[in-house]
C-alpha cells in the first residue's frame, strides 16, 4: 500500500512540474492508441503502399494510406484512403474512405468501401496491416459479387474487356457514362 502512495505522489509531482514548465508533459495513451501504435510499428506493407499522418505523428487515430497497384486493372493508378480509428479499437473496425474517385465495383462514388473485414467479419485479432492488404487486394482482384457500384460490377461480370476500358478511361481522367473521374495515373 505504501508503494501505491509513493507512485501517486510521484505522478502528482510530475504533473505539477509539467504545469510549471519544469518538465515535459506525458499524455496518457488510451488502450486503442497503444494497440494502434503497436499495429503501425509492425506494419509490413507492400512497396506500392505508403502511410502518412497529415495531422502529425501525435494524431495516430487519423491517417492516410496511398495504394499504387502494380498489377491488374488498376495498374499504376494512385488511390488515397483515409482511416479514422475509433477510441474502442480494436473492438471496432477503423472507418475507411477512398478519397480518390474511382470506377470500381467495391468502392462507390462517395468513397465508401465494401470490404468484409471492415464490416461483419471484423474481429479484434485483425489489424491495420490486414485492412491495408484487403484494400490492396480489391485493386488486384475486384469482386463483382459484393458490389457497392452495381454498374461497374455488372460490366465486370458481363464484359471484362469493356470494364478494363472503363477503368483506363476513368484513371486517365475522363467520363464513364455520365460520371467524370479525375486523373489518378
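Every residue, even glycine, has its Cβ placed from backbone N, Cα and C.
Because TrEMBL annotations are produced automatically, they should be read as predictions rather than curated entries.
As written in TrEMBL, here are the features:
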type: DOMAIN; residues: 31-176; note: domain 'UBC core'
type: ACT_SITE; residues: 114; note: active site, glycyl thioester intermediate
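Mean predicted confidence for the domain 'UBC core' (31-176): the pLDDT average there is 96.
For the domain 'UBC core' (31-176), residue counts in helix, strand and coil come to 48 helix, 27 strand, 71 coil, using DSSP. Residues within less than 8 Å, Cβ to Cβ, of residue 114 (active site, glycyl thioester intermediate) and separated from it by at least 6 positions along the same chain comprise 106, 107, 108, 143, 146, 147, 148.
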